[in-house]
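One structure coming up, written as structure tokens, with questions to follow.
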Amino acid sequence: MAKEPVRVLVTGAAGQIGYALVPMIARGVMLGADQPVILHMLDIPPAAEALNGVKMELVDAAFPLLKGVVATTDVVEACAGVNIAVMVGGFPRKEGMERKDVMSKNVAIYKSQASALEKYAAANCKVLVVANPANTNALILKEFAPSISEKNITCLTRLDHNRALGQISERLNVPVSDVKNVIIWGNHSSTQYPDVNHATVKTLAGDKPVRELVNDDAWLDAEFITTVQQRGAAIIKARKLSSALSAASSACDHIRDWVLGTPEGTWVSMGVYSDGSYNVPAGLVYSFPVTCCNGEWTIVQGLAINEFSRKKLDATAEELSEEKALAYSCLS
């Protein structure tokens, strides 16, 4: 029997990431090759014409799984009945802008969108925040959508997770699918901590630790970390535009694993509500290693944290606490 369509909202849908993301969703990359979808696309009024152009292209592509498209600049219409919301739209930091200016713009955007999701989204709607500052935008969204469970509001650090997998894959010249269980801890910013201490690579002799195979602690504890932290800036320098294709692909990975589950023995990185695990202050949206089953994520527990890692975990938590204070000062 055919499945009922799932309504997926993409905000900022006429932008670069949105343009890369909506065909992936329509093709089944996010929810599976047997799951029909109805796409809800939201953007700001100045982008209305471009948004309509994206809708025309979706129609022209004749995706078998796509059962309808709502393209709108009205936040209520966009949020009505949605089961999954991918929040790509946000106010980007522009040259000369202070962090507080960016934060206050995004607080206003997320306050409005959270209120609409609160009132009009389907029960148990899952929310993924992509727009930066992603962790803190997710926190603001929760503030103004109190009936959406904190377990249902997440932010994207899968892009950083995938970047870390890619760097190890290139360094060892192995398929990226053979590398697993890297971790991104903390903020989706340059303080994030890409951690390979628990990561392994599939070999003919079984799974081997990444540290053992790379056999270069100096690289793993310095250049590898900064490469992953600054990958977004490197792409902007190369493309003269920010990451779009990889961001869209990792958003699909994040939702797919959340909804359909992570493979046995594998964990992924998600920005989720801290419950105090690993001595991370509760009440921050912080990236942890998680496993997913039956549409629920669970933080992986009991991993050993060495002194080097502890400092990194604390530093990114401190930045998130500062961001939280800044965001809340914009609310008053």
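Cβ atoms here come from the backbone N, Cα and C positions, even for glycine.
Annotations per TrEMBL:
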ACT_SITE  H188  active site, proton acceptor
BINDING   G12, A13, A14, G15, Q16, I17, G18, D43, N106, V130, A131, N132  NAD(+) binding site
BINDING   R93, R99, N132, R163  substrate binding site
DOMAIN    6-153  domain 'Lactate/malate dehydrogenase N-terminal'
DOMAIN    157-325  domain 'Lactate/malate dehydrogenase C-terminal'
Could you give me the DSSP helix, strand and coil counts for the domain 'Lactate/malate dehydrogenase N-terminal' (6-153)?
69 helix, 28 strand, 51 coil
Closest of the recorded positions to R99 (substrate binding site), Cα to Cα, picking from G12, A14, G18, N106, H188?
N106
Could you check the recorded positions R93, R99, R163, H188 and say which one's CB has the most other CB atoms within 10 Å?
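In terms of Cβ crowding, the pick is H188.
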So what's the mean pLDDT when you look at the domain 'Lactate/malate dehydrogenase C-terminal' (157-325)?
97
Around A14 (NAD(+) binding site), how many other C-beta atoms are within 10 angstroms of its C-beta?
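So the number of other Cβ atoms within 10 Å of A14 (NAD(+) binding site) is 25.
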Of all the binding-site residues here, N106, N132, which one's CB has the most other CB atoms within 10 A?
N106
Across the listed NAD(+)-binding residues, G12, A13, A14, G15, Q16, I17, G18, D43, N106, V130, A131, N132, what is the farthest Cα to Cα distance, given in whole Å?
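Spelled out: the longest distance between any two Cα atoms in G12, A13, A14, G15, Q16, I17, G18, D43, N106, V130, A131, N132 is 18 Å.
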Taking R93, R99, N132, R163 as the record's substrate-binding set, what's the max Cα pairwise distance in Å, rounded to a whole number?
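Max span of the substrate binding residues, Cα based, is 25 Å.
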Within 10 Å of N106 (NAD(+) binding site) by C-alpha distance: pick out those among the recorded positions N132, R163, H188, and say none if nothing qualifies.
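Near N106 (NAD(+) binding site), where near means Cα within 10 Å, the recorded positions are N132.
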Is it possible to get the count of other C-beta atoms within 10 angstroms of the C-beta of Q16 (NAD(+) binding site)?
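Q16 (NAD(+) binding site) is surrounded by 17 other Cβ atoms within 10 Å.
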